């Protein structure tokens, strides 16, 4: 009986170990990150087309050997564009398994999403209502970093080595005729090698592939020992360890057709009549191992559940421990700014001063030192660290670190050489440096930055303080949205919020926010519209403008010019006729759509970016703006009834001088 029991137990144990082995062989793809935007109804035609597309992508075996496949389903506004891209060194079977898993994962991670991009180590899958896969300049990005930093003494040499390796990889991938995939390895030292991998979707031309990869490489922060950057049309990655199949002379070796069999454990032979003893010996060896495995799994699961619960219960906006790896020592910051010398002072923000600094590795930074006497500063400080640490976009200022010691609260940002937009925009001596081409580029960059906050980042973020002073310009006059102290994070399904404490800058605030504390993505859209009018005119919204014996702010003034058929009277005289008439009128039109009083009438940032980049898109007729100052001879028509409600409180929003 005991032998029978032992054999039963041995059978169950063998089954258990076999199950573990099968599970290991069928391991899920390694998740990296995803972007999910624009929820849609499950009852819509678009959603039905999406389900058909996902099924088609994951079931057509003919394309897995190519490693990539694109499809469209539906027509007109219900059309869905879809694509998958498997890593260039992946076997067709592994590619198939990853795509099937991704299609299923899509339905759980982004139920009802109109645009989605998910990345695994093995493959990428995405879909959208527009062809984002052939667009080499997109706001849909996934960026990840290795948490380990390069030592200061090795930083410059490391950066140069990685950049050189990535560029060579990009050239090789672009010139590839098939998968547009390349991997390279170089020796950084006698004991350390660097590894790089780049890939474009096969449908891109060589020129577009190079352009896409060059842009992605620019976004990588090489002071980390590893990182990757993904957009729908290309991706790049570097590490200090091999993460791809070994290569010979730059050619990727094909993976084996099937995995080699696991080595079998040889069973010792026993003399006849010793069967019982052999069973006991096998059990004595295997049982403790199996029990140890079970205990380890149980302990790991227990701690994992505790961590998950802790993460769920902790308010995200007050938790800066996740950014702990970004923390600077106060002495380092003090030395970098020469003890916060007035010679290094760049300006003053709402809660403190901003200084220029130079870190020990030679990197120039902007140091924002919050005032010690600011009662509101600590909350905004923690908020800014948590929000900005998770953002990676070319049109958003990069947070490099922070310092929180005793009473000191300091934020360390990348140094942007050309100061802020208002420095050029509202100074008659500097305005000439902003021709219309530059201003148009700035408008587009700001729009893409805000779109990333609203739609393409992992969090939905409302900036709440968008203004010319919070737009920094780099050496090439590219805009970077800054100052996230007022920003708020929205939940996935949240569309608006209320606050009793209205913060921000009067003149840029939307009516519903200034008067009722209600804010949403459309609040940022309103601020963006005001900012566009300032960029076009070179004038501040807070100033007073006289027209037909009546006064108003810049928004009101623009509306009257538009109504009178003379919108070009708004244009900054510093660039006179050096602009395209239709282009600038279209920008004024878009700005007026943004500042409409009814939030439902204001376009989304996604629509605004499309309006700016596609001249064929028809624009709606703008309605009167919020805070509309109506002159005595203007009558409130059907579209103006609601505007009159705002004129009562207008003086509390834009400071008026007595008449």
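Cβ atoms here come from the backbone N, Cα and C positions, even for glycine.
Copied from Swiss-Prot, the annotated features are:
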type	residues	note
BINDING	346, 347, 348, 349, 350, 351, 352, 353, 354, 368	ATP binding site
DOMAIN	28-132	domain 'Gnk2-homologous 1'
DOMAIN	138-243	domain 'Gnk2-homologous 2'
DOMAIN	340-619	domain 'Protein kinase'
CARBOHYD	175	N-linked glycosylation site
CARBOHYD	277	N-linked glycosylation site
MOD_RES	505	phosphothreonine
SIGNAL	1-24	signal peptide
TRANSMEM	280-300	transmembrane segment
Secondary-structure category, per DSSP, in which residue 175 (N-linked glycosylation site) falls: coil
Inter-residue C-alpha distance, residue 348 (ATP binding site) and residue 175 (N-linked glycosylation site) (nearest angstrom): 50
Cα-to-Cα gap, residue 346 (ATP binding site) vs residue 175 (N-linked glycosylation site), nearest whole Å: 45
Around the Cβ of residue 352 (ATP binding site), the count of other Cβ atoms that are within 10 Å: 22
Model confidence over the domain 'Gnk2-homologous 1' (28-132), averaged pLDDT: 87
Residue 354 (ATP binding site), number of other Cβ atoms within 10 Å: 19
Sequence-distant neighbours of residue 175 (N-linked glycosylation site) in its chain (C-beta under 8 A, six or more apart): 206
Helix, strand and coil totals (DSSP H, G, I; E, B; other) for the domain 'Gnk2-homologous 1' (28-132): 40 helix, 36 strand, 29 coil
Entry from the binding-site residues list 346, 348 having the most other CB atoms no farther than 10 A: 346
DSSP helix/strand/coil residue counts for the domain 'Gnk2-homologous 2' (138-243): 37 helix, 32 strand, 37 coil
